[in-house]
Amino acid sequence: MDGLQASAGPLRRGRPKRRRKPQPHSGSVLALPLRSRKIRKQLRSVVSRMAALRTQTLPSENSEESRVESTADDLGDALPGGAAVAAVPDAARREPYGHLGPAELLEASPAARSLQTPSARLVPASAPPARLVEVPAAPVRVVETSALLCTAQHLAAVQSSGAPATASGPQVDNTGGEPAWDSPLRRVLAELNRIPSSRRRAARLFEWLIAPMPPDHFYRRLWEREAVLVRRQDHTYYQGLFSTADLDSMLRNEEVQFGQHLDAARYINGRRETLNPPGRALPAAAWSLYQAGCSLRLLCPQAFSTTVWQFLAVLQEQFGSMAGSNVYLTPPNSQGFAPHYDDIEAFVLQLEGRKLWRVYRPRVPTEELALTSSPNFSQDDLGEPVLQTVLEPGDLLYFPRGFIHQAECQDGVHSLHLTLSTYQRNTWGDFLEAILPLAVQAAMEENVEFRRGLPRDFMDYMGAQHSDSKDPRRTAFMEKVRVLVARLGHFAPVDAVADQRAKDFIHDSLPPVLTDRERALSVYGLPIRWEAGEPVNVGAQLTTETEVHMLQDGIARLVGEGGHLFLYYTVENSRVYHLEEPKCLEIYPQQADAMELLLGSYPEFVRVGDLPCDSVEDQLSLATTLYDKGLLLTKMPLALN
């Protein structure tokens, strides 16, 4: 409590002559008054420029250059690709995605490919079965290949991961060259490289992930509610994300350890067995276990695979929560894991082969949106599945926390899929769990009613043995508790706890992926090097005329702690979860308003000379510190002295 309360101190910034009356129990920077005249002028300027920016034809999630053509809520309009309305059943026109029943399915029919894909079988639960709605996929649009977020070396299906497990910090691959293949993934990654805003890149990649379903429909009606199947009939959709060749290369070239990075498991006769030998997972051991019928689960593939890391690093900004992943390789005619439910929102991306999935609704209300993962269930514990389907490469399956699931390979075909996970312990309850103890402590310090003693005889009428008592003293006691609990909201340090959770998210996050533009205009692109016995191209400096903005939108958070202001950031994070300690910079009180302006104005540029500081020295000191740490980019490349 002391730490969070103390966090409010430095946020009431300014030198002693400008000290304001304390604002108890708020740790939020944004909740505090700014220097009104100067900061408001800057924000008005920023707002007007951002409005002008929206009218330009830059790629965005709503522009022709970057959006996915997807079905509108009203299927009475023309469908993407010129499909006639008559191709959709009347019922589907009334309810574009079918009845919101046990599961939701979407089938995309590519313009140039027709693959035989097993239909999903829906088993009625407590609600009517969902209808399969056929939605033509958007026509393929050719994207220029001169600027790739992930270039050929990182995206080729047969290429090694190439990144050590301890790699940290933002990275860009500039090896150049043309991939030997093309895929929807490659095209969307090339498109992301052309979008200037990291938030718009995250929205665009999520739109691609669940296409052709509109994201607003997904979040409004399905997120945390229903299982969703997207049937694409395009085996190349995820090509280049991860492959069995990538896994084999990792086993040969990386320090993959059993238990830490790789699990070998099988599910036989209703029992799961984990068969992890000690030590490194060399190819001989791993593939022998696979041949013996074990599924191989690669934990945290983003630590080894550049492409998976880039994929997750972009999406984590969409969720506002850590995005993780596992990769599962299952041999033919086998099942690796027992039925269970997880404590994460799961997106299953089928990469290779086929796999039969069965998904079940939570059995009881306490399992809905589960806070912890379940133990293994037996088949006798399960009812009828709400969704039973065979996933083909390119298909997507989503199910919320608490949905029981199991999967097996059949018909002599192996399966490789990646599960993208997010929203672990990111609930209202977790937020309140952090707030309430602090609110009680603050209330006891500031309100005498919380310090008054309990009735001397309260044990005579309170407790389980008196729960059926009609004693009026019991009624009065319960009413007093309700009144005090209602008052706690006035003392809840909501902003301070929000800042602490944001700080935790910064520490959980993967390091950012840089576009070509971000690299060229930041410290990562400076041409400083060692040549002929000395460093050359040294001396780039910011001036008051330099225009800057944050490198990306979600890479930093300003938090007050222990009477000081700290800017926590992600650019030095590791791809291995919490391998590095949290990284931060101290921000001086006279620079706090300027720091807030930079955080709030992204992606608009701000002149260094317009930063609301007391002196030019403070302006240049803040901007230079942020630039040198890789947190700022400039509108134009810096001139070298």
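Here the Cβ of each residue, glycine as well, is placed from N, Cα and C on the backbone.
The structure displayed is predicted, hence computed values, not measured ones.
The N-acetylmethionine annotation in Swiss-Prot covers MET1 and rests on a large-scale study or a structure entry.
Swiss-Prot lists 1-35 (among others) with the feature region 'Disordered'.
Feature annotation from Swiss-Prot assigns compositional bias 'Basic residues' to 12-23.
Feature annotation from Swiss-Prot assigns region 'Disordered' to 54-80 (among others).
Sequence annotations record features per position, and here Swiss-Prot assigns phosphoserine to SER60 (among others) based on similarity to another entry.
Taken from Swiss-Prot, the feature phosphoserine covers SER63 (among others), and the record attributes it to similarity to another entry.
Residues annotated as phosphoserine in Swiss-Prot, with a large-scale study or a structure entry given as evidence: SER109 (among others).
Taken from Swiss-Prot, the feature domain 'JmjC' covers 294-439. The average pLDDT the prediction assigns to the domain 'JmjC' (294-439) is 98.
Feature annotation from Swiss-Prot assigns Fe cation binding site to HIS340, ASP342, HIS405; the stated evidence is sequence analysis. DSSP assigns HIS340 (Fe cation binding site) to a strand. For HIS340 (Fe cation binding site), other Cβ atoms within 10 Å of its Cβ number 14.
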Chain-internal residues near ASP342 (Fe cation binding site), provided their CB is under 8 angstroms and they sit 6+ positions away: ALA370, SER373, SER374, ARG401, SER421
Secondary structure composition of the domain 'JmjC' (294-439) [DSSP: H/G/I, E/B, coil]: 35 helix, 51 strand, 60 coil
Spatial neighbours, same chain, of HIS405 (Fe cation binding site) - Cβ under 8 Å, 6+ residues apart: PRO339, HIS340, TYR341, ALA346, TRP357, ARG358, VAL359, TYR360, PHE399
